[in-house]
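Some features that TrEMBL has for this protein:
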- 32-278: domain 'G-protein coupled receptors family 1 profile' (DOMAIN)
- 20-40: transmembrane segment (TRANSMEM)
- 52-76: transmembrane segment (TRANSMEM)
- 88-113: transmembrane segment (TRANSMEM)
- 133-153: transmembrane segment (TRANSMEM)
- 179-202: transmembrane segment (TRANSMEM)
- 222-244: transmembrane segment (TRANSMEM)
- 264-284: transmembrane segment (TRANSMEM)
Amino acid sequence: MYDHLVAAGPDSDRMLQWSVWVMVASGVAIFVASVLMSMLCNKRIRKSGFNLYLVFLMIPDFLFSFLCSVNCGLNVSAGSYISEAWCWFQTFYVTFSIGANSWLNSIVAYHIYDLLQKSSQRQRYIPPSRRKVILNSLAVYGWSAFLASWVFWDILPHQPGLQNGLACLPVMYSDESMIFFFTAFLPALVGIPAVYVIYAAIQIWWLNLLPATGGTRNVSVFIARLILVFIVMWLPSLVLMFIARFWIEPWGAWAGGTWSHLQGAVSAVVCLMKPAIGNGYLLFMTCGRYPKPRANDSGSNDMSVIGWPAPRSARRISDRSRRLSHVCAVEQTEKMNAEVAYEIECNPGSSCSEKKLVHSTGSILCAVLSKMEEGEEKVVSAELELSLTSFIEDGRNLDDDA
């Protein structure tokens, strides 16, 4: 049974399989690197903690595809697998990349689930700070490197091996090593994070936590990414590479490896669906020529980079202020103010001035409007709409200068 895991196909097949991997992996690496660089070069995108998580998620995707393209290119040049040293190194970087991607996705899933839960309960959500994101990501990198180093420990029944003559991965060579692989290594690498991501996705769907529209619309991008990466991309790849390889031929294992490389490209494409990242990528690739700022939008030149047009928050508050003119009950007024505060808080394009405005004036506004006559409310609401728009634009200018 264990001999089947290392049995290689004909040399002509392996040359073809490695050649295709070189093209696929190098193409994915170039694409992921371009998306990653566009995010790193955009200051406004880096301000968001969730966007910073995406940056740390793309790093192992890039390393995985780039190093595999180099590895396979050397194999094609040599006419066989290049060396034993490369076998150890490939086992390490493949394990590290899979582990880092899996655990970072589970952390993002936790933050999304927490955000949507508190949103449904009308509780305030505090997004992760950049410092927290960096520390969490570095901790995941450290844990993944620790798992990848297990192949160097002689005391563990866990060694690298050339699978089907194609790529080096942790190999099962005995009953003891197989038990260790499925009870310790695989759960620590992808099992636990994959189970949590699937659990969070089911809970969000079952409890109907994801809103169709509103300030949390961009959360759906993260949800789509998690589902695509784990269910559509990673799970089939892991099954083909680690479980089904007991029975399938080398071409089946090769298909699993190819699918695992494509997940990096799929992840990057889903990230580009977020307006902030998509517009930033277009600006990066066209050297700032596209998208063009709108002539009637004084703040679009800066805000379009992150995908949130400058007047959007002002329009939201204006719509709320119009609705306030018809509200007489204090409880309803406070509820609407909470909705405004939540949308401003979760909007990646919201400035510090907007958030301070909501927190400092919300309760006063509710108290004043609840005691006014209907005619007075209409006058105040109209004046409030103009003053809010002016205040927000002034605040944005101050934030940009800072």
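Heads up, the Cβ atoms here are built off N, Cα and C, so glycines get one too.
Contact between the transmembrane segment (179-202) and the transmembrane segment (88-113) is supported: at least 3 Cβ pairs lie under 8 Å, counting only residues 6 or more apart in sequence.
With respect to Cβ pairs under 8 Å, the transmembrane segment (20-40) is most closely packed against 52-76, considering the stretches 52-76, 88-113, 133-153. Contact between the transmembrane segment (264-284) and the transmembrane segment (52-76) holds: at least three of their C-beta pairs are under 8 Å, each pair 6 or more apart in sequence. On the 0 to 100 pLDDT scale, the domain 'G-protein coupled receptors family 1 profile' (32-278) averages 85 in the predicted structure.
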